[in-house]
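**Student:** Sharing a structure here in structure tokens format.
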Amino acid sequence: MNKFAIVLAAGKGTRMKSALPKVLHQVAGKSMLAHVLTSVSEVEIAKNVVIVGHEADRVIATLPKGTQFVKQVEQLGTGHAVRIAADLLANEDGATLVIAGDTPLITGQTLEALFDYHFAQNATATILTAIAPNPTGYGRIIRDENGSVEKIVEQKDANDFEKSITEINTGTYIFDNKSLFKALNEITTDNAQGEYYLTDVIEIFKKAGQTVAAHILDDFDESLGVNDRVALSQAELTMRKRINHQHMVNGVTLIDPATTYIDSEVTIGEETVIEANVTIKGNTFIGKNVLITNGSRIENSEIHSNCEVRNSTVEESRMSVGSNVGPYAHLRPGTVLSEEVHVGNFVEIKGSTLGKGTKAGHLTYIGNATVGEKVNFGAGTITANFDGKNKFNTEIDDFAFIGSNSTIIAPLHIGKNALTAAGSVVTEDVPDEAVEIGRGKQVNKLGRAKKMPHYRGQ
């Protein structure tokens, strides 16, 4: 049987108190809507429709290529939101999943199990329910004396007895598709909110003698719908625990999982060790046998096997096998370290490529440079690459030796096996195997110190 999906992503999210549409707030580095769409994609769906409304264009811009969407111009309730997908789905034979775009913790496995249960029960509608420790705010599942689902009552419409019920509606359903759109034409706004409730179709199905089933979630956390920043932080915490657990199961050592923040799209190889207070964000790849020490931050980068990142920041950069950085180094966007490169204390590199075996041990800035193999940068070296308007490139060939406190005024080229003397200001190209000296000659004025303000006598 064909499977379809409708993802509800039209709400404003007033309680978030944000200019950003609610479904675009991020959990573990990915929007809540993207998490939901990922889970839906794990089920074999013939057609997926996203309902957009508030800030529709911003939401549409984030959708995967080819995703179908419908704009809900007026937000008149969940029933209305589903009904406007009629032109795309109403005539289809099959079962339709309806899910909210602010439920980032729900998994593809749960959705697959929900479809299986729906088909096994030969149901017209199947509700994904959960037993809530505190059901306040959720719609309650009302069952009859035989335990069958009778209806769903929203919090604002519930009486005291109904409010005491702990089985709640998670807001995720599967419906027989044609029955769903037929019932949606019968619902009204006669309720406390004055909206078209999707849940009202359940009572319509029951009155028609159709089967309404309920599948209870094993993990209540999956049911979390995010309506404010408090719930967002709860979703972040739960997702982070889930991500960290999976990495540890896969052979990664996390010294302190409670202070380790790993985004959902990060890949990490076996035998890698990650110490406390580490953040790894975005689309980052980390290979095998990597050491990442306390306080490091890595974002949208590739760190290949046998590398070390010691208390450093790596952004949009690539570290090849056996390279190491830190402590207190900063690889800025566009940096590429070849194999066995060493970047040490308080070194900053931006938009540069360093060849195999090159070393910049301390207190160095390298920007917009192409550096060959086994080049050595002395402490205090900088490439002066910016004139206030334009950035300029520096080229340094294999085996060059850059003396401490050299200032390299780009654009220029330093040749193979060339050497710059300590303290030089390099303003011209340096040929292969040349020694460059670009500093004033030292002169000692004997006895002159006695006339200087600092002098304290014998």
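Even glycines carry a Cβ here, placed using N, Cα and C.
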**Student:** Which residue of Arg439, Arg448 does Swiss-Prot report at the same acetyl-CoA site as Ala379, Ser404, Ala422?
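**Tutor:** Site partner of Ala379, Ser404, Ala422 for acetyl-CoA, according to Swiss-Prot: Arg439.
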**Student:** List every residue in the same chain as Ala379 (acetyl-CoA binding site), at least 6 positions away in sequence, whose Cβ is under 8 Å from its Cβ.
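**Tutor:** Non-local contacts for Ala379 (acetyl-CoA binding site): Gly361, His362, Leu363, Thr364, Ser404, Asn405.
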**Student:** How does the region 'Linker' (230-250) divide up by DSSP, counting helix, then strand, then coil residues?
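**Tutor:** The counts are 20 helix, 0 strand, 1 coil.
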**Student:** In DSSP terms, helix, strand or coil for Gly139 (UDP-N-acetyl-alpha-D-glucosamine binding site)?
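**Tutor:** SS state of Gly139 (UDP-N-acetyl-alpha-D-glucosamine binding site) = coil.
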**Student:** Looking at Cβ-Cβ distances, which residues of the chain lie under 8 angstroms from Ala10 (UDP-N-acetyl-alpha-D-glucosamine binding site) while being 6 or more apart from it?
**Tutor:** Ile51, Val52, Gly53, His54, Ala56, Gln72, Gln75, Ala81
**Student:** Acetyl-CoA site residues Ala379, Ser404, Ala422, Arg439: biggest Cα-Cα distance, Å?
**Tutor:** 17
**Student:** Rank the binding-site residues Gly77, Gly139 by how many other Cβ atoms lie within 10 Å of each Cβ and give me the one with the fewest.
**Tutor:** Gly77
**Student:** For Asn227 (Mg(2+) binding site), which of the binding-site residues Lys22, Gly77, Asn169 has the nearest Cα in space?
**Tutor:** Lys22
**Student:** Reduced to three states, what secondary structure does DSSP give His362 (active site, proton acceptor)?
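**Tutor:** For His362 (active site, proton acceptor) - judged by DSSP and reduced to three states - the answer is strand.
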